[in-house]
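K.L.:
So TrEMBL has the following annotated:
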REGION    1-48  region 'Disordered'
COMPBIAS  1-12  compositional bias 'Basic and acidic residues'
COMPBIAS  28-43  compositional bias 'Basic and acidic residues'
DOMAIN    51-352  domain 'UvrD-like helicase ATP-binding'
BINDING   Ala72, Gly73, Ala74, Gly75, Ser76, Gly77, Lys78, Thr79  ATP binding site
REGION    713-756  region 'Disordered'
COMPBIAS  721-744  compositional bias 'Polar residues'
Amino acid sequence: MTTLNESHDRTAVRAGAGRPSSVPIILDGHHSDGRDGGPRDGGVDEDPLLAGLNPEQRTAVEYRGPALLIVAGAGSGKTRVLTHRIASLIESREAWPSQILAITFTNKAAAEMRERVGALLGQVAEGMWISTFHSACVRILRREAENFGFTKSFTIYDSHDSRTLIKRIIKDLQADTYGFTVAGVAGKISKLKNELADADSYARTANFNDPQEELFVQIFRQYTRSLNAANAFDFDDLIGQTVYLFRAFPHVAEHYRRRFRHILVDEYQDTNHAQYALIHELTRPVPEANKAEAASSGHRTAGLPGASLTVVGDSDQSIYAFRGADVRNIVEFERDFPGATVVLLEQNYRSTQNILAAANAVIQNNFDRKDKKLWTDIGDGDKITGFTGYSGHDEAQFVADEIAKLRDSGTAYKDIAVFYRTNAQTRALEEIFIRSAVPYRVLGGTRFYERAEIKDVLAYLIAVANPRDALALRRILNTPKRGIGPATETALAVFAENNDISYRDAMRRANELGLGPKVTGAILDLADLLDLATEMLDPEREDGAATVSEILTLLLERSKYVQTLRAGRDPQDEARAENVEELVAVTKEFQKNNPEGGLLDFLTEVSLVAAVDELDDSSGTVSLMTLHTAKGLEYEAVFLTGVEEDLLPHRMSASEPGGPAEERRLFYVGITRARRRLYLSLAMTRAQFGETAVAMPSRYLQEIPAELIDWKQSPGMANSRGGTQPRALNSNRPGGGSYNSRSAIRSGDSLSFRDQDRAGLPRAKVEWPNRVTAQVRDNGDLELQAGDRIRHADFGEGRVSAVTGEGTKRVAHVAFDAAGSKKLLIKIAPIEKI
Ligand SMILES: Nc1ncnc2c1ncn2[C@@H]1O[C@H](COP(=O)(O)OP(=O)(O)OP(=O)(O)O)[C@@H](O)[C@H]1O
Ligand SMILES: [Mg+2]
């Protein structure tokens, strides 16, 4: 396989297509990849862990000391070094597997790493913790949550659950009338939590003269209370609450400090403050117990220096600042850990010279970075292919055609990936791929576990596992329909709160609420069903605890969930029923692979499946994903689509400080995923943000030396110039020449979208430069309003009747004296006010 970091010969078991594997299962990962190390560059007698590593990589693997920082560009073997380092620590007996904590970016990367370490050692080393930050924290919290008011069966709320809760709170407090939106509040709370702020600490700094602030604090408080009452953590809490736990309960922290003696973190550039703090907590030294303690406990506990910490990262690949990631964590590592050893890696083993040269050229335009040059001895390879289509569909067709060619020349579908900046771009790609019979898989779209029917069924399981989880209980209360209305749902919540009991207890006491007999009966039946399932989980039961699939089957049968779907009239219901059955299959598979695994383990797995974990490399499909998801992966051939202004850089980034630089890093990440073939494509018009707009080539394109890109055109576009490469236009148009004479966009001058739809784009006029060398005309600050008179280069004079849209998408509706009415995109239209 060619996707994640290193291994090419992974034996992973998966069952069923169309859904993610919830549990990455590792079998005998036998290592046999010639390119990937092996005897090729190692001596015969050499330590196999060092064979195939360059001298800097070896230094990093062999380092023994308190703190090691590996900074290096993409594809230089950072992840590979981490893997070898773990194996080396274990093999040399300097560490027990159980003393190792390695943090990766995805569960999948973790599974890969575990397998590779096993392969390097020749046996699976049990007891290592190789996982994401989130998984590691869940494991800690499941053991320790009882220290602070939670139980080990807590629920993990995903962002959808958090939003449902926030929505309810906003409604209860009528905060929507003050302009609060669910997304806004969710984003702000998440950001604060990543900074380790809670409602109280925030309240101390908030400005209470501002009623908005006060209301936000109230929402935040209520949200926190609801989570606590529900015995639930949201995603950000998993990290933040673990940090809190360590700080508030030193004996708990000490346990983990004693246990983890080697901590290794991949993709360190994308750690946020909470994650940074977590690592700091874990690497603190353990002081020697003082005499009094020693006397009372009857034994002496020796102190310990802080754990040895290895972090690897590339500040050029920091792409999560919007989620609170802070590159300073990497930049300031040396300050935080005095005496740290720094290793630089410069040889790239992934990509061809042409691809690397493009990546280097682009990233150089970011200020504030240490210059590092990557080199490769793989050779120049093919040129990068550039393509400009008329529309997103045209672009997608190009991608599909090129994929077919790649296939013909022997590249497997699974070695091909298509990246985009926004999820909305998948629509055109998917349409064309379906039509062209290209098998594909979208990572991180509406994921299996986010489908409504799957969430319903999971809510049943959660309600069994965690009786305090009101969110889950309220979700299933009337699903399938049992005649329980929203008023009853709320009445139960109020009853629970007034009596200080859980929602499930409130259900059990439904007959105290004075509801009708039918409704009361329905609630009690459901409560009984949940109780029955809970009893079945009891390990003391005669036949031992029931398995997850047994519980699920019981719940589905008694609740008639699938039966109701099957009887439904919605044509989608059949597919939904199949999805639920698929989930039953997932639980069976889980049970097979985790004979000891219980309901909680299953629910944990499910909550932590990230987009990239859905990757299935055995299925022979092209992978579609956002640039963010692409991090850490590698593919033989990569299509980077939508390389346009407003998409890349994304238009939202313009207003963020550091936004455009972060977008450039994202572009850099995309480019550096490619091993042999890279395609950069764009379209001249794109249906986006609910409208079709003229697109402009991304500013980043002009940063790539022209000789590295071989531009192709849409067939329709080529005809006017006999198939030559597109090139910058010298205007010979009336009124032209003085404005945007080397502009990327000429055809759009009139920009009457309706006209274009009817007649197709005015081909002869459209020229697309192979390198964008000049600024596009920018009327950005042309103030226009209804009533203004303007002059247009082609249409002459006219009167503005209205101005709609915002920013770069501002459109003037103009009644021309001679040419009739037109809509013009103000930013680029050849107009002036008169
Ligand atoms: N010394 C080496 N010899 C041969 N192949 C190597 C060597 N070092 C790394 N590689 C290969 O180069 C590719 C990139 O390595 P790896 O994924 O570890 O890089 P990385 O620095 O983690 O990249 P990224 O920044 O994208 O995460 C992998 O296929 C890896 O197996
Ligand atoms: Mg890596």
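Placement of Cβ uses the backbone N, Cα and C atoms for every residue, glycine included.
Tell me what's around each of these sites.
P.N.:
In the predicted structure, the domain 'UvrD-like helicase ATP-binding' (51-352) carries a mean pLDDT of 91.
According to DSSP, Lys78 (ATP binding site) sits within a helical segment. Around Lys78 (ATP binding site), the same-chain residues six or more apart in sequence whose CB sits under 8 Å from its CB are Ile70, Ala72, Asp266, Val312, Gly313, Asp314, Leu345, listed in sequence order.
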K.L.:
Around the ATP site recorded as Ala72, Gly73, Ala74, Gly75, Ser76, Gly77, Lys78, Thr79, what other same-chain residues have a C-beta within 8 angstroms of the site's C-beta center?
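P.N.:
Near the ATP site, beyond Ala72, Gly73, Ala74, Gly75, Ser76, Gly77, Lys78, Thr79, sit Asp314, Leu345, Asn348, Tyr349, Arg350.
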K.L.:
Where the criterion is a Cβ under 6 Å from an atom of ligand 2, which of the binding-site residues Ala72, Gly73, Ala74, Gly75, Ser76, Gly77 meet it?
P.N.:
none
K.L.:
Do you know which of the binding-site residues Ser76, Thr79 has the most other C-beta atoms within 10 angstroms of its C-beta?
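P.N.:
Counting Cβ neighbours within 10 Å, the top one is Ser76.
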K.L.:
Indicate whether Gly73 (ATP binding site) is helix, strand or coil by DSSP.
P.N.:
coil
